[in-house]
């Protein structure tokens, strides 16, 4: 084992792990904590573990064949299944892009104390994509370092919330290692399905299989291929462990502070704290419903304005970092399935336009609750898209005709 070699292979895994930390994930985390307390932590851990195994298969496919998943699909499937797969993956990418737009717009609204309206935040997120395209010119390694910086911001901001709230460690460990969900109903089940869809992103397998190609590996040398597989797997383990810890921070903060709280409880605290957002919570005994926007507000009411702004910075980092991974995924998928080589600029313009249009309409004509309500639907949509990525990756990595000596035997 060599740390120098690990450093040389470090990058693709952290870029891939961004999808485990996008605003859709954060929304899913905070809602599962508020709705089910610590009871769904084991679902998060299992989903992350399964995600790691699937990312390992994706990386192996890229390293062994020198082709990414979309290119292998193009070579192995007939025209009709190929087109269906491409459409399903595009749908998942657009859904993910919408979550990034929603998250960024809400974060900008919170940081500007409401001065920048939601539709203004949505428009600003159009500009940020082109900033990333500008950064991309300086090379993938520098872009990987920048994403590492954004992940650090998320770890620090959500870690701050965790230290401030001080969740019960005994309940945390029980939730992680004992599969249970006492007194759970339809709402909790929907959150469990949403966690799976938010964590295991279908297009992320296409992305990871392509990113590993950025490292030079002599595929004629079996030992070099084995070594690359080993270091990419170690890097993926580290990257997904970091993302898992950040997700735990969010779930446990809301499980500890807001599980089984009523609107009246929060309304009283916000009124006493002279919060400008206290009107968000009607003075009734209905169970509190939180989302990315309300989550920041209630943190501000209970733990001071610093908690609200630090939360918003974390959400903004999550939204911005996941923007470029969606762009890369879309480019690889389009090139692989259709042999269509667009510039990144044109590719971003297309997918972001499709994602922003419905989001912008909701932001202009509806309130923030409807905007964040879209996240639940999009997370479940991701779960429904999963088979369209799982079937190809599991099939091809088990075929000796594709993987030679590295077929997984499943």
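Easy rule for this one: first residue shown is 1, then count along the chain.
The backbone N, Cα and C atoms fix where each Cβ goes, glycine too.
Taken straight from TrEMBL:
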- 31-54: transmembrane segment (TRANSMEM)
- 84-110: transmembrane segment (TRANSMEM)
- 116-134: transmembrane segment (TRANSMEM)
- 146-163: transmembrane segment (TRANSMEM)
- 192-211: transmembrane segment (TRANSMEM)
- 232-255: transmembrane segment (TRANSMEM)
- 297-318: transmembrane segment (TRANSMEM)
- 345-365: transmembrane segment (TRANSMEM)
- 377-396: transmembrane segment (TRANSMEM)
Using a Cβ-Cβ cut-off of under 8 Å, list the residues of the same chain that are 6+ residues beyond the ends of the transmembrane segment (192-211) and lie near it.
11-13, 15-16, 19-20, 22, 24-25, 27-29, 31-32, 40, 43-44, 47-48, 50-51, 54-55, 57-59, 61-62, 67-70, 88-89, 92-93, 96, 181, 236, 247, 325-326, 328-330, 332-333, 336, 376, 379-386, 388-390, 393
Using a Cβ cut-off under 8 Å, which residues of the same chain at least 6 positions beyond either end of the transmembrane segment (84-110) come close to it?
19, 22-24, 26-27, 70, 73, 77, 116-122, 124-125, 128, 201-203, 206, 292-293, 296-297, 308-309, 311-313, 315-316, 318-320, 322-323, 326, 329-330, 333-334, 337-338, 351-352, 354-356, 358-359, 363, 368, 371-372, 374-375, 378, 381-382, 385, 388-389, 392
Take a look at 31-54, 146-163, 232-255, 377-396 and tell me which one has the most Cβ pairs under 8 Å to the transmembrane segment (297-318).
146-163
Cβ pairs under 8 Å with the transmembrane segment (146-163): which stretch of 31-54, 232-255, 377-396 has the most?
232-255
